[in-house]
Each structure stands twice: as structure tokens, then as C-alpha cells.
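**Q** For reference, the structure I am asking about is given below.
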Amino acid sequence: MNWLDELKWDSQGLMPAIAQEQGSNDVLMLAWMNREALQKTAELGRAVYFSRSRNKLWFKGEESGHVQIVHEIRIDCDQDVILLKVTQTGHTPGIACHTGRHSCFYRVYENGEWKVTDPVLKDPQTIYK
């Protein structure tokens, strides 16, 4: 059996993928992968996702230069969620979020509202030309 066949893909052939920073263990982002994206990620050693809005493979960093080097690919106990242990490149500290922040999880719920807790490290207008 092919290793990709052991996974439980959803009805659209997709699976959520969490990118976690190697070393700090910060959760950087959640994206989606199809079989081809996961296969390319394993082959290339860099994160390749599937863009649901563009309906195509998304090579992380192809526009921004903020590539994710993949050190390890894990699967959860139900075999329906992927975890990538990555090094975020292209800026120090690494920028994973399209808003110019280190992580896409930069808002925290406090006292009935969402508060921004993490700074913008680079203006998104200068990231995406």
C-alpha cells in the first residue's frame, strides 16, 4: 500500500495541515493539502499546500520568498490531520502569515473580544508585489 493511501482524505481529497516551527514549537499556520501537495512536500523538503481559493498547488513562499523548510511530516492518531515541523525562512524572525506576522494565530480572545497580540514584522504591501 502506498503511504498516501493510508491517510484519511476528506470528500474533496483534502486534509488540514498544521505548520509548526521547529525549535520554538510555535504554531505558524493551518492550510490544506491534497495528495499531490503532500507528495511534493515529501520530495522537495519544503511545504507545498493546496490553495482552495485558487484551486491549485501553492508552493509556500513562491510569491513572498517566505519558504518553509520541512524537517518532519507527522500524522495524527486518526490519520486525518498533517503536522509539518518547519523552519520558516525569508525573514528573521520568520514570517508565515500573509499579514506580515510570524504566525497566523496572532489574535487572542479576552473579555469578549479578539485582541491582536503579535506585531506586524513586515508590511504585507512590500511582501507581495
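In case you wondered, yes, glycine gets a Cβ from its N, Cα and C as well.
Pasting the feature list from Swiss-Prot:
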- D76, D78, D80: Mg(2+) binding site (BINDING)
- C77, C97, C104: Zn(2+) binding site (BINDING)
**Q** Considering the binding-site residues C77, C97, C104, which residue's Cβ sits among the greatest number of other Cβ atoms within 10 Å?
**A** C97
**Q** Taking the recorded Mg(2+) site as D76, D78, D80, identify the other residues of that chain whose CB atom sits within 8 Å of the mean position of the site's CB atoms, giving them in sequence order.
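**A** The answer, listed by sequence position, is K8, I75, C77, Q79, V81.
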**Q** Just to confirm: which same-chain residues, 6+ apart in sequence, have a Cβ under 8 Å from the Cβ of D78 (Mg(2+) binding site)?
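**A** Non-local contacts for D78 (Mg(2+) binding site): K8.
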**Q** At the Cα level, what's the spacing in Å between D76 (Mg(2+) binding site) and C104 (Zn(2+) binding site), rounded?
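**A** D76 (Mg(2+) binding site) to C104 (Zn(2+) binding site), Cα-Cα distance: 21 Å.
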**Q** Measuring Cα to Cα, how many Å separate D80 (Mg(2+) binding site) from C104 (Zn(2+) binding site)?
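**A** About 21 Å separate the Cα atoms of these two residues.
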**Q** Suppose we draw a 10 Å sphere around the Cβ of D76 (Mg(2+) binding site). How many other Cβ atoms does it contain, all chains included?
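**A** Other Cβ atoms found within 10 Å: 13.
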**Q** CB neighbours of D80 (Mg(2+) binding site) within 10 A?
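**A** 13, counting other Cβ atoms within 10 Å of D80 (Mg(2+) binding site).
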